[in-house]
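Colleague: Let me give you the structure first, and then I'll get to my questions.
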Amino acid sequence: MEKTIAINAGSSSLKFQLYDMPSERVITAGIVERIGLKDSIFTITVDGEKIKEIIDIPDHEIAVQMLLEKLINHKVIGSYDEITGIGHRVVHGGERFPESVYIDDQVIKDIEALSELAPLHNPANVTGIKAFRKILPDVVSVAVFDTAFHQTMPPASYLYSLPYSYYEDYGIRKYGFHGTSHKYVSERAAELLGRPVEELRLLTCHLGNGASIAAIEGGKSMDTSMGFTPLAGVSMGTRSGNIDPALIPFIMEKTGKTAEQVLDVLNKESGMLGVSGISSDLRDLEDEAAKGNDRAELALQVFVDRIHKYIGSYAARMNGVDAIIFTAGIGENSSYIREKVLRGLEFMGVYWDPALNQVRGEERFLNYPHSPVKVIIIPTNEELMIARDVETIKNNR
């Protein structure tokens, strides 16, 4: 049996999911947390049972060694030879990587060179890649980029109205993120609608602590709300989303903060947390709003307002919409936010059933049968998309 492992390496974590391919059955999944810190945590699910250990794991290489040993110890695999493919999530591929690629030394250098565009993520992603290559050097390794799916955006979508030389010299442009998720749900929507994705105009709403909207026409990303960084677009858990750029020097002058400190506020202290003053967790805000907390209610209203702006804009851009997709933590689980987003979209042919909306984390159509625009909840599955890309590249080598 051939097995593919999907990896998401963070600076102090390593998430993994092992698939039997090509059946796409999940064999096991888990996470290594607090790598390089005291009391690291290793969690793995075997036969439905979650097993948790606290153990010191000084670096990613040790984490990979331990992960592979645990797969053997728990009889998930008989030997390392059963693993025939490894897929690595990489946050930023820039313009260099419009699709997933086989990893060789040059690809690693290119990903490292792109680290200035994603300083928090790409170095960690590379650390994970190197750790696996050292221990399983002969296994096909594939890099799957968050930005790749959005590389089909036309220049009018991705260029900023800045001196063109900034784009040529520094690569300043919109890149977009959550691409693997947007791609997965758009393909799944086509399956559920029984139509080729090439015929469809889709609005995909990836709503989690980080959130982005995408306009997908003919199976290709035409525009997306995040920009040069994941800070742009809609209001999020702790991120501001779009603001007037002149606010940055204004805030610096008023507060005495440096540009870096202001950026930190925009990334970590803004969004729903900033407006509410309570929490970045939507569940907390829904609870507080239900108790009559005006600021919690306002934070939710701002979130929905920004989503509406993109839905209207992208519907106009594609000259109509065939389906609106909700995915990720909030999109899949919050009937409250879905209701707020869908109310007022009747003008564009969205007719949805409030009774069908009372669901969490379940794949489901929410629209009435006569609705010209379909509304679907599709739980995202980025790990499966990674495993599929590994399988494709492995089979084409």
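Yeah, the Cβs are placed from backbone N, Cα and C, and that goes for glycine too.
What Swiss-Prot shows for this protein is this:
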- N8, E382: Mg(2+) binding site (BINDING)
- K15, H206, L207, G208, N209, G210, D281, L282, R283, G329, I330, G331, E332, N333: ATP binding site (BINDING)
- R89: substrate binding site (BINDING)
- D146: active site, proton donor/acceptor (ACT_SITE)
- H178: site 'Transition state stabilizer' (SITE)
- R239: site 'Transition state stabilizer' (SITE)
Colleague: Sort the recorded positions K15, N209, R239 by C-alpha distance from E382 (Mg(2+) binding site) and give me just the closest.
Modeller: K15
Colleague: Which residues in the same chain, at least 6 apart in sequence, have a Cβ under 8 Å from the Cβ of L207 (ATP binding site)?
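Modeller: For L207 (ATP binding site), the qualifying residues are I307, F326, T327, A328, G329, I330, G331, S334, I337.
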Colleague: Could you tell me which of these recorded positions, K15, R89, R239, has the fewest other Cβ atoms within 10 Å of its Cβ?
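Modeller: Output over recorded positions K15, R89, R239: least Cβ neighbours within 10 Å is K15.
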Colleague: Among N8, N209, the binding-site residues in question, whose Cβ has the most other Cβ atoms within 10 Å in this structure?
Modeller: N8
Colleague: If H, G and I count as helix, E and B as strand, and all else as coil, what does DSSP give for R283 (ATP binding site)?
Modeller: helix
Colleague: CB neighbours of D281 (ATP binding site) within 10 A?
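Modeller: Excluding its own Cβ, D281 (ATP binding site) sees 16 Cβ atoms within 10 Å.
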Colleague: Give the distance between the Cα atoms of E332 (ATP binding site) and N8 (Mg(2+) binding site), rounded to the nearest whole Å.
Modeller: 21
Colleague: Quick check for you: of the recorded positions N8, R89, D146, N209, R239, D281, which have their Cα within 10 Å of the Cα of H178 (site 'Transition state stabilizer')?
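Modeller: Final answer, ordered: D146.
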Colleague: How long is the line from the C-alpha of N8 (Mg(2+) binding site) to the C-alpha of K15 (ATP binding site), rounded to the nearest angstrom?
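Modeller: Cα to Cα, N8 (Mg(2+) binding site) and K15 (ATP binding site) are separated by 5 Å.
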Colleague: Would you mind reading off the Cα separation of N209 (ATP binding site) from R239 (site 'Transition state stabilizer'), to the nearest angstrom?
Modeller: 9
Colleague: Could you state the whole-number distance in Å separating the C-alpha atoms of D281 (ATP binding site) and R89 (substrate binding site)?
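Modeller: Counting only the Cα atoms, the answer is 25 Å.
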Colleague: Could you give the maximum C-alpha to C-alpha distance in Å for the residues K15, H206, L207, G208, N209, G210, D281, L282, R283, G329, I330, G331, E332, N333 that bind ATP per the record?
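Modeller: Greatest Cα-Cα span of the listed binding residues: 24 Å.
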Colleague: In whole Å, how far does the CA atom of R239 (site 'Transition state stabilizer') lie from that of R283 (ATP binding site)?
Modeller: 17
